[in-house]
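To start, the structure itself, in structure tokens.
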């Protein structure tokens, strides 16, 4: 990576990151929600949250419209991303390994599923499109763009408003009832700490008055992903050449379908590892199937992953227009990081330290996911395409380790693994007596870890 840093985009746009993400609709494991409740987050079991997920949805996938886990008539249309011939081949490969075809948002997500997406009519359907645009003219809704919040105002142990900069002017907005902070896993903790809610010692360092001594910015978790590309003998994947086809363009304009109507990802496998001492109900790794070829142009202009230019040029020497990619994603990392202030100036970016891969468990899960990917590649369905691994070891990059050894894969993971853009837990929810919690189960900032007289900050 350039400066050994990963690329962390922010959703500073109407709709937040739903306006820039990969449009994959996944609720998460039901067992995660049940675990939250077990740890003191009352009202957050899967049974509690399922009605709200269903209220969101306008399910457009025919075989799921009558499912007890889905609903129609909501604000967010959910469709299936299944465009290229590769999608059916992925399914056959998974079934050869014994995976069931499942609903990734249904009773059990362990298995193979086609991607459910917030795409409709060949277009992204962000939360802004679903919820804001239809009511944007309401008299009681005010949206302020080009606005940068610099502080939450606190008086008598209650949040009473915000301070912000708009068009170069400082403005103060007061709340009649409450302040809802929803600035993401990076900016929410930064804004809290700038406002005097956070670890006392850290705030003292920056000469910020402390209103609540809470572990803000700590306990950060993020999903990492690793890529394995496979060359194939048939022209089945989306490439720069296919995006320049007049037929594909015409298909999209006339039907809103085809290769321009999806994000490139067509299928997912969720699975539980068999790593020693790991026994979970929830999946701890995920495989994603991308039907887009990482050809020379894609490597140069595709996803901004912050790889060094020299590495991109090396990868371009092995770039092909007929290939697919399976990414391995670590779902429950044991390595945790933090968000800290670099300055008490709100316009100075915070210090983001993910602490990736400091725990051996995370490497072991990754390697198991890689081995599972290799099994898929050896399936009859993919062997018919002559699926061949496109190696990414180069001179000076993992070229001295024995090929296909665990050490070899660990070296590549440490060089290439990047964020899946899922940072979380920096304002952790928990029981009032949980010393790692920042908010209670009603999402109120509460109960400082060292304070003798806890109070709730709304």
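Any Cβ shown, glycine's included, is placed from N, Cα and C.
The following features are taken from TrEMBL:
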| type | residues | note |
| --- | --- | --- |
| BINDING | 13, 17, 21, 22, 23, 24, 149 | FAD binding site |
| DOMAIN | 11-34 | domain 'Glucose-methanol-choline oxidoreductase N-terminal' |
| DOMAIN | 184-198 | domain 'Glucose-methanol-choline oxidoreductase N-terminal' |
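Features per TrEMBL, on structure.
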residue: 13; record: FAD binding site; Cβ neighbours (10 Å): 13
residue: 17; record: FAD binding site; Cβ neighbours (10 Å): 17
residue: 21; record: FAD binding site; Cβ neighbours (10 Å): 18
residue: 22; record: FAD binding site; Cβ neighbours (10 Å): 17
residue: 23; record: FAD binding site; Cβ neighbours (10 Å): 21
residue: 24; record: FAD binding site; Cβ neighbours (10 Å): 17
residue: 149; record: FAD binding site; Cβ neighbours (10 Å): 21
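Residue pairs drawn from 13, 17, 21, 22, 23, 24, 149, the listed FAD binders, are separated by up to 29 Å at the Cα level.
Across the range of the domain 'Glucose-methanol-choline oxidoreductase N-terminal' (184-198), the DSSP-based residue counts are 11 helix, 2 strand, 2 coil. Looking just at the domain 'Glucose-methanol-choline oxidoreductase N-terminal' (11-34), the mean pLDDT is 94.
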